[in-house]
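Data first, discussion second: the structure below is written as structure tokens.
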Amino acid sequence: MMDESQTQIDGQPPYVEGLNESQLEAVEATDGPVLVLAGAGTGKTRVLTTRLAHILATGKAFPGQVLAVTFTNKAAQEMKERVAKILNQPSVERWWLGTFHAIAVRMLRAHAEKVGLGSDFAIIDTDDQLRLVKQLLKENNLDDKKWPPKSVLGAIQRWKDRGQTPDHVSASEAKEFAGGRIHGIYKSYQQRLRELNACDFGDLLLHTLVIFQTHADVLADYHRRFHYILVDEYQDTNVAQYLWLRLLAQGHQNVCCVGDDDQSIYGWRGAEVGNILRFEKDFPGAKIVRLERNYRSTGRILAAASSVISHNEGRLGKTLWTDDDDGEMLRVRGLWDGEAEARFVGEEVENLQRNGQKLDQVAVLVRTGAMTREFEERFLTLAIPYRVVGGARFYERLEIRDALAYLRLVNSADDSLAFERSIGKPKRGLGPAALGIVHSYARQAEISLFKAAREIVETDELRPAARKSMATFVSQVERWQGLKNDMPHSELADLVLEESGYLEFWQNDKSVEAKGRVENLRELINALGEYESLAEFLEHVSLVMDTNSQTGQDMVSIMTLHGAKGLEFETVFLPGWEEGLFPNQRAMDEQGLKGLEEERRLAYVGLTRARKRAIISFAANRRMHGSWASAIPSRFVDELPHEHIERESDRGIYSAPLEPSYGGFGSSKWQDNDRGSPGMQRARSYSSGESQLVRKAAQKISESKSGFSRGERVFHQKFGYGLVASVEGERLTISFDKAGSKKVLSNFVVPAEQAGM
DNA sequence: AGCCTTTCCCTTTTT
DNA sequence: GGGAAAGGCT
């Protein structure tokens, strides 16, 4: 409940100061449906937050009566912080403010039994999803070469994104995949999840949606509860989310959706721009507010972004304008290859740094996650501090997922997926054979793997050695569970990892990564202490799957274009503007014009992240999957307005014809280097034909040359102490005590003794 | 069962 | 160029 002193605000509330007319309109039009069409950099987030604060501060509703939904945890976090600040609230954790998934979990826990789940259901990760699908394919004798588990899971997810339970998939569509057999897999997949008392990500929304549709009383309750609904990034809603929202909003109709059709970049995840176009039909009498004044970028940047996006058809059409100066020209630079591009960006960053630019105001926005590596390597050698946003996530690491499996098992012994994962690691003499016996026993008795194991150790089904080992495991798990209520959970986690031998498994491992893994495990145990209970921690992990890495430090950000949505930087580098890479060949092959337009919106998003400076680059050659591919500059380069850009070429790259027979970017099938389809030839790999043996021999020679050897303890001027993991000429891969594993140049490294250790 | 070697596939994008 | 899975050997 709110502090009363904060609810009374006379005259013009201070928090709306400085809002322009349209923004004010969007904030104050509190009753009835409102659609805010907000262009990039128009203060959309501020409007949404202020609107929420305004509803509460004017006493229109209590905090518990407002539902505010965002797409990303980042956006939710930002909104929470801002609202708390505006209204001077110590905590907004209990409010209905969060991502679609976080809100859905909260609702689903309360009504899980209506879809055949317990309220303590587990949320499974992609790993478990795939394992399940693989099992089901095998059981149904479907060839996993012809039906790769990933594609099958993709089909299932697409159905879920569209809000279709197995029963709601149309017969004709079901037939499309393996004559309906994939649809059958979907059915048994859902069945299996239910038996496991588990949900995947898509289920969180799908189940909640089904509950709304089938339990009028539940929906009516939520109607009564939520007087106001706010939605951010409405253009990114998929069908399931759209239906979910529409049902909820039909209560008070006080729904305010904020979005930008030009920034719809999640079509591949089932997002439908159509949802935003349909708003007026769904909510008759809706008020439409347009935010077109851009406060972020210079005139030239805005002109460039507008010019590119104008090549798309079927837009709602907004005309962004700014009072800001024209600013600097945008720069477009062509380079010989990816390495040269990284060198160029590195140099430019150093220039900016010399001119006093803060590095946290610089970002490198790439199309694919794999592109980050080149920049990382370059920044490492130049000692430019950087962070990869949304890259390798802490909770996705192997050792963390393994450890989490143990914790899940302790939290609920019937989590069979966790059982399967924990029992194999560390080795206990219980391999596929033993597990198979437990599996079939469990299937027959219709009980969880853990219960089956407990019963099996009383019989002669397993060989004596396996039986003994299994009995030990079962009693260990039972012991840990018994301790659950008498022990602080981070202590318990420590104990579990210790007693299970999992920690020891990595401590005894001599490989160079092992040390870092042990540290990660310690970090996990520490993180656990911040949560109320084990269950709460596990839920947080499955929903957020991200650690808030060191923020607030002065570092260049490297991230994907998708990851950059909602952010802004003074200077933005946009590398990799090459046909095939960006626009992405696969997107175009699979989605045609629709795919291309989404790529173009991505370009628009990228450009509009920049406040003052945008530097676009492309490379003529790029190494992909170990072989070389050549490409021509992206068509998006040609769509930039000439009067606002400066083209620079590197040794005539931009205008010079590429070497003969180097066509586009290869087909979407990523053929082997020596084949390749006609007209889409790829350059022959420099390394093709080289056997692994030859490569290894070459590696040995270079190891002796660099003066460092594998396993040596060394000191790096920036990252501190570490162990040499591998040596390739001048490049060392070092597993650092503090900074993880990194590739560095050997001249930045000295033997540990010399560093005065 | 477990270890080592070879082969395959991969790179769009994320809650 | 790298990680996972399959395959082969002890």
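Note that the numbers count up from 1, one per residue, in the order the chain is shown.
The backbone N, Cα and C atoms fix where each Cβ goes, glycine too.
Annotated features in TrEMBL:
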BINDING   A:Ala38, A:Gly39, A:Ala40, A:Gly41, A:Thr42, A:Gly43, A:Lys44, A:Thr45  ATP binding site
DOMAIN    A:17-298  domain 'UvrD-like helicase ATP-binding'
DOMAIN    A:299-566  domain 'UvrD-like helicase C-terminal'
REGION    A:664-691  region 'Disordered'
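Counting neighbouring Cβ atoms within 10 Å of each of the binding-site residues (A:Thr42, A:Thr45), the lowest count belongs to A:Thr45. A coil conformation is recorded for A:Thr42 (ATP binding site) in the three-state DSSP classification, outside any helix or strand. Within 10 Å of the C-beta atom of A:Gly41 (ATP binding site) sit 22 other C-beta atoms, taking all shown protein chains into account.
Looking only at the binding-site residues A:Gly39, A:Gly43, the densest Cβ neighbourhood within 10 Å occurs at A:Gly39. Within 10 Å of the C-beta of A:Ala40 (ATP binding site) there are 26 other C-beta atoms, taking all protein chains into account. The Cβ neighbour count for A:Ala38 (ATP binding site), using a 10 Å radius over every protein chain in view, is 26.
Mean pLDDT for the domain 'UvrD-like helicase C-terminal' (A:299-566) in the predicted structure: 81.
Other residues of the same chain near the ATP site, with their Cβ within 8 Å of the Cβ centroid of A:Ala38, A:Gly39, A:Ala40, A:Gly41, A:Thr42, A:Gly43, A:Lys44, A:Thr45, are A:Val47, A:Asp260, A:Leu291, A:Asn294, A:Tyr295, A:Arg296. When Cβ atoms from all protein chains are considered, those within 10 Å of A:Lys44 (ATP binding site) total 23, not counting its own.
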